[in-house]
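Enquirer: Pasting the relevant annotations from TrEMBL:
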- A:D107, A:H215: Mn(2+) 1 binding site (BINDING)
- A:214-218, A:340-341, A:389-392, A:S396, A:415-418, A:K491: GMP binding site (BINDING)
- A:H246, A:H340: Mn(2+) 2 binding site (BINDING)
- A:H415: active site, GMP-histidine intermediate (ACT_SITE)
Amino acid sequence: MSNQNKEKNESDVTEELTRVNDNIWDIPTSHAYGMNVPGRLFLSEKLMGTIDKETVNQVANVAMLPGILDYSMAMPDVHLGYGFTIGGVAAFDEEEGVISPGGVGFDINCGVRLMKTNLLKEDATPHMKILTENLFKKIPSGVGSKGEFKVTDTELTEAFLHGSQWAVEAGYGIESDTKNCESYGFMEGGNPDTVGTKARKRGRPQFGTLGSGNHFLEIQYVDKIYDPVAAAAYGLEEGQVTVMIHCGSRGAGHQICTDHLQTLNQAVKKYKINVPDMQLACAPAKSKEAQDYFDAMKCGANYAWANRQIIMHWTREVFEQFYGKDTDALGMELLYDVAHNVAKYETHEVDGKKQDVYVHRKGATRAFPAGHPEVPQQYRDVGQPVLIPGSMGTPSFVLKGGPNSMSLSFGSACHGAGRLMGRGKAKGSMNGEAIQEELARQGITVRAEKASVIAEEAPSVYKNSDDVVDVVDSLGIAQKVARLIPIGVIKG
Amino acid sequence: MTQKTDFIYLDHVADTKFIAYGDTIEKVFENAALATLSVIADISTIHPKTAFEIDLETTGTAGKENLMVDFLSELLYLFDAEETVLGAVYVKEAGVKKDDDGNDVWFINAVVSGEPIDSAKQNFKTEVKAITYSGIRVEETPTGFEAEVVLDL
């Protein structure tokens with residue numbers, strides 16, 4: 001697209017939106033024929049220029065699905081996806097609504113976990129080259145990587161059923177790991193019979209691998225505390241070293257989605273549902289097709305939790321070996337783990353009435369407020385930790401679920417910085433080695449399989465994470481607790 | 001005018017979009033496969049040591065689009081499950097036939113080949129997570145066929 005066209009598109013975008021307040025813009029149902037509810041974009045004026053017409057249309061497409069409640073929403077990190085946008089949130093009525101794999105994505109339970117340590121920045125910085133090298137050797141990453149870790153078919157079934165709870169029981173973690181995790185480390189009701197042979201075959205060799213693309217493992221330090229009370233509850237202090245792991249369900253999840261999309265693409269005809277995009281294939285929430293997908297999706301989500309658990313375990317081993325202390329002595333405790341590609345059956349208030357709904361979060365994080373029964377006991381007084389990874393080289397944030405998340409966004413917040421530039425373009429216009437050197441000057445060691453990955457994931461291809469987080473903070477959806485600065489990055 | 005280009009990539013913020021061309025339906029499937037595989041690796045360096053046969057059929061709505069997704073998804077499956085990086089594709093036959101009830105059945109019969117994954121040896125580029133249905137089209141044009149596909153990276 002030429003610049004001129006792009007400018008035109010952007011001006012068209014605001015023309016079609018209704019401004020509700022500084023950070024909320026609605027897409028009226030008159031935008032496109034068939035919208036059942038309006039669209040709602042959580043965007044500041046500053047971020048308005050980051051979205052284009054195609055993205056607005058994708059938000060509108062989701063509004064056309066049957067039984068959608070309130071709004072088809074998009075978080076401030078929104079960008080063009082497939083089916084749903086990335087940063088899309090939609091809740092569906094249990095009776096009238098649907099379940100759609102398009103609202104979850106192929107990388108089921110792609111998510112983030114944050115582990116604390118009692119190390120200080122100065123304990124880690126001088127050793128970053130060795131630490132990142134050791135982590136890079138220990139944790140398989142990159143295209144075509146497979147784990148040294150071999151699981152049996154029975155173990156794979158256990159992982160599909162019990163996620164990180166299985167991993168901890170199998171010796172890859174400590175008891176508190178599942179206590180501090182969304183859904184306590186697994187979604188109940190996964191049914192391995194709904195997972196095909198192909199998904200099993202893809203999932204087995206990839207257990208315990210990071211993957212490639214935007215997935216990473218990062219060593220960081222807390223450089224700023226915004227909310228001392230919440231930070232104390234989360235156990236965060238300025239200068240403290242943390243480790244963030246961002247990855248998902250690998251080939252297992254991708255294949256589960258692929259297989260069920262095939263079925264649901266035929267189901268739309270059977271149930272006479274008009275979908276504006278085949279990627280939005282869906283079925284009535286209570287139908288066998290939808291429930292089979294949902295049960296398989298849970299298996300994919302559980303696989304991802306087990307995967308992140310195992311990767312965290314190996315990270316602990318690397319630190320233990322390097323520092324000559326055990327996990328306990330190093331204070332390597334999981335702070336929290338969130339899924340940002342998932343559908344959940346949750347209770348929300350709709351039109352003043354409590355109702356069970358299917359919330360789809362595609363590139364969006366759950367952000368339950370203080371007092372919510374699903375927030376782990378030790379965090380319940382402050383709210384659920386919301387983990388927002390930055391792009392490579394830029395800050396990540398820890399937020400807490402805010403008081404307005406339930407009324408504004410079905411308990412959801414943003415999930416990251418949000419891309420601005422395509423990967424192909426990034427690779428063409430940026431030099432991975434130069435970026436690596438620039439990051440090194442800023443004190444960030446990057447260890448990647450190859451320089452092209454660094455170019456594709458360069459900080460400047462993303463929106464500014466501060467701008468994104470400021471929107472959810474201002475709206476009271478999720479509020480800033482701490483900012484984390486990277487010092488060592490492992491990229492696949 | 002005959003098509004000279006096999007496929008082109010279009011910019012997409014998070015993912016990759018391509019248009020594949022072909023004088024025949026077989027060729028458009030072949031070029032779509034090569035476009036997908038070229039995102040993963042430099043296919044010119046891959047030796048055809050192992051071959052796999054792909055036989056697929058789809059019925060129902062959007063038969064040829066579904067067949068395209070199924071066919072390309074099969075390549076990703078072989079990469080992960082057979083741990084083989086593919087570099088060559090030959091589509092023997094593809095098209096539409098009728099089943100006993102008179103419904104359209106889209107089918108493809110292809111052979112793909114490659115070598116075992118060895119990341120030290122092969123020049124991998126990017127992982128393709130999945131083939132999406134988003135905005136997919138497989139169409140006959142005045143000059144042959146074209147297919148547009150978005151890959152999830």
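Even glycines carry a Cβ here, placed using N, Cα and C.
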Enquirer: Give me the non-local Cβ neighbours of A:G418 (GMP binding site): same chain, 6+ apart in sequence, Cβ-Cβ under 8 Å, ordered along the sequence.
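Expert: Result: A:T50, A:P76, A:D77, A:V78, A:H79, A:I86, A:G87, A:Y462, A:K463, A:V468.
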Enquirer: Can you name the residues of this chain that are 6 or more positions from A:D107 (Mn(2+) 1 binding site) yet have a C-beta less than 8 Å from its C-beta?
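Expert: When sequence neighbours closer than 6 are ignored, A:D107 (Mn(2+) 1 binding site) has A:G248, A:S249, A:G253, A:H254, A:N341 within Cβ distance under 8 Å.
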Enquirer: If you measure A:H246 (Mn(2+) 2 binding site) to A:H215 (Mn(2+) 1 binding site) at Cα, how many Å is it?
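Expert: With distance taken Cα to Cα, A:H215 (Mn(2+) 1 binding site) is 5 Å from A:H246 (Mn(2+) 2 binding site).
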Enquirer: Report, in sequence order, every one of the binding-site residues (A:D107, A:H215, A:H246, A:N341, A:G418) having a CB within less than 8 angstroms of a CB belonging to chain B; if no such residue exists, report 'none'.
Expert: A:D107
Enquirer: Are there any residues in the same chain, six or more apart in sequence, whose C-beta is under 8 angstroms from the C-beta of A:L217 (GMP binding site), and if so which?
Expert: A:L135, A:I139, A:S141, A:L210, A:V243, A:M244, A:I245, A:H246, A:I311, A:T315, A:V489, A:I490
Enquirer: How would DSSP class A:S391 (GMP binding site) in three states?
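Expert: Coil, per DSSP.
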Enquirer: Fill in the CA-CA distance, A:H340 (Mn(2+) 2 binding site) to A:H415 (GMP binding site), as an integer in Å.
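Expert: Their Cα atoms are separated by 6 Å.
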Enquirer: Distance between A:H215 (Mn(2+) 1 binding site) and A:H415 (GMP binding site) at the Cα atoms, whole Å?
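Expert: Their Cα atoms are separated by 13 Å.
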Enquirer: Using DSSP and three states only, what is A:H340 (Mn(2+) 2 binding site)?
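Expert: Reduced to three states, the DSSP call for A:H340 (Mn(2+) 2 binding site) is coil.
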Enquirer: Around A:N214 (GMP binding site), which residues of its chain at least 6 apart sit with Cβ under 8 Å of its Cβ?
Expert: A:H246, A:S391, A:E457
Enquirer: So of A:N341, A:S391, which of the binding-site residues has the fewest other Cβ atoms within 10 Å around its own Cβ?
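Expert: Result for the binding-site residues A:N341, A:S391: minimum number of other Cβ atoms within 10 Å at A:S391.
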